[in-house]
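Features of the protein shown, as given by TrEMBL:
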BINDING   Gln13, Pro14, Ser15, Gly21, Asn22, Gly149, Lys150, Asp151, Ile188, Lys197, Met198, Ser199, Lys200, Ser201  ATP binding site
BINDING   Asp137  L-tryptophan binding site
MOTIF     14-22  motif ''HIGH' region'
MOTIF     197-201  motif ''KMSKS' region'
Amino acid sequence: MEDKKKVIFSGIQPSGNLTLGNYLGALKNWVALQDQYDCYYCVVDLHAITVRQEPKDLRARTLEVLAIYIAAGIDPEKNTIFIQSHVPAHSEAAWLLNCSTYMGELSRMTQFKDKSQRVGDSVSAGLFTYPVLMAADILLYNTDLVPVGKDQMQHLEITRDIAQRFNSAYSPTFTIPEAYIPKAGAKIMDLQDPSKKMSKSADNPNGFILIMDPPEVIRRKVSRAVTDSIGIINYTEDQPGVKNLIDILAVIKKLDPIEVAASYKDKGYAELKHDVAEAIVEELSPIQEKVKELLKDKTYLEEIYKKGAEKANYVSRKVLRKMQKKIGFIQ
Ligand code: AQP
């Protein structure tokens, strides 16, 4: 009998247009993993509303993210691709897990600290409990591996803690998931402030490259990327802007960043930026074409997310029932 494949769960929020960071840190790895694992790739719209979204934009972006998944190479025949709000078990399990989560541990989450500062007084309770919803997403599928960028590591650790707490308070219920952090591309930095990660909701659009940015915009943003006045290309933390450009080039070209840096030893920043921009354009152009095609065929996209929701509902409902039973709810 064939061995059961290990399970992967991951998702991206339609909280803005997807960036090169989302692509290199998450999506590109999802594609590489799809043959080996039983993968659930979700558009996490419930997460997106932890920060206020314009309904019309949220609708459009949710479909665009789905189209980007497929255009990037995630095969809908091999993977379960779905929209989070179509699977009510996520919200229900999140409530149950909220009751096994401590305020103290949620207060330590750096994403909450960063984002709540940006939002100011109107910070939602949802933003605070975001990691619990993420734990529900992962645990409902008995996930073994979660491919994420480095920024999500803390959320994965709290997921493991919540799962272990639930398992020991009741009885073994959840698989304890592991993070799958890519060796390269795990943290792409903001082009204008390389001390911050590249983020789709950053204030300065010159800091991020969008997957759907046209070639001339990509070239312009890369040419304006902040570097330094050292003038020599090295791969070091002391030159975070240059290091970030080398990282981007290395991940796209599947090369070692130190070797990339060495090959630019006698070259200038302008040449490095030119090559980085061209590599990004070459990588993203075919994806952009496919996304545009896919968005013209809403019926096809609907077929995919409906089929995905059917499978995800079936699998997650079983785990939710198990949780409810163990907690002591009458079935
Ligand atoms: N800069 C990055 N480098 C590498 N990986 C990244 N990811 C995000 N930014 C980078 C990875 O993309 C996946 C989806 O992230 P998300 O959209 O669910 O939320 P996020 O991590 O909060 O991403 P953003 O772009 O910063 O969104 P906003 O601005 O809405 O908060 C995750 O696997 C993440 O690690």
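Every residue, even glycine, has its Cβ placed from backbone N, Cα and C.
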C-alpha spacing of Asp137 (L-tryptophan binding site) relative to Ser15 (ATP binding site), in angstrom: 17
Cβ-Cβ neighbours of Ser15 (ATP binding site) (radius 10 Å): 22
Counts of helix, strand and coil residues, the motif ''KMSKS' region' (197-201), according to DSSP: 0 helix, 1 strand, 4 coil
In the chain carrying Lys150 (ATP binding site), residues 6 or more apart in sequence that have Cβ under 8 angstroms from it: Gly25, Ile181, Ala186, Lys187
Residues in the motif ''HIGH' region' (14-22) grouped by DSSP into helix, strand and remaining coil: 3 helix, 1 strand, 5 coil
Rounded Cα separation (Å) that holds between the residue listed as 'L-tryptophan binding site' and Gln13 (ATP binding site): 13
Among Gln13, Pro14, Ser15, Gly21, Asn22, Gly149, Lys150, Asp151, Ile188, Lys197, Met198, Ser199, Lys200, Ser201, the record's ATP binders - longest CA distance, Å: 19
Three-state secondary structure, the residue listed as 'L-tryptophan binding site' (per DSSP): helix
Among Ser15, Asn22, Lys150, Ile188, Met198, Lys200, the binding-site residues whose C-beta sits under 6 Å from ligand 1: Ser15, Asn22, Ile188, Met198, Lys200
Cβ neighbour count (within 10 Å, all chains shown) around Gln13 (ATP binding site): 25
For Asn22 (ATP binding site): intrachain residues, at least 6 apart, with Cβ closer than 8 Å: Ile12, Gly149, Lys200, Ile211
Secondary structure of Lys150 (ATP binding site) (DSSP, helix/strand/coil): helix
Tertiary neighbours of Ile188 (ATP binding site) (same chain, Cβ under 8 Å, six or more apart): Thr19, Leu20, Gly21, Leu24, Gly25, Gly149, Lys197, Met198, Asn244, Asp247, Ile248
Mean of pLDDT values spanning the motif ''HIGH' region' (14-22): 94
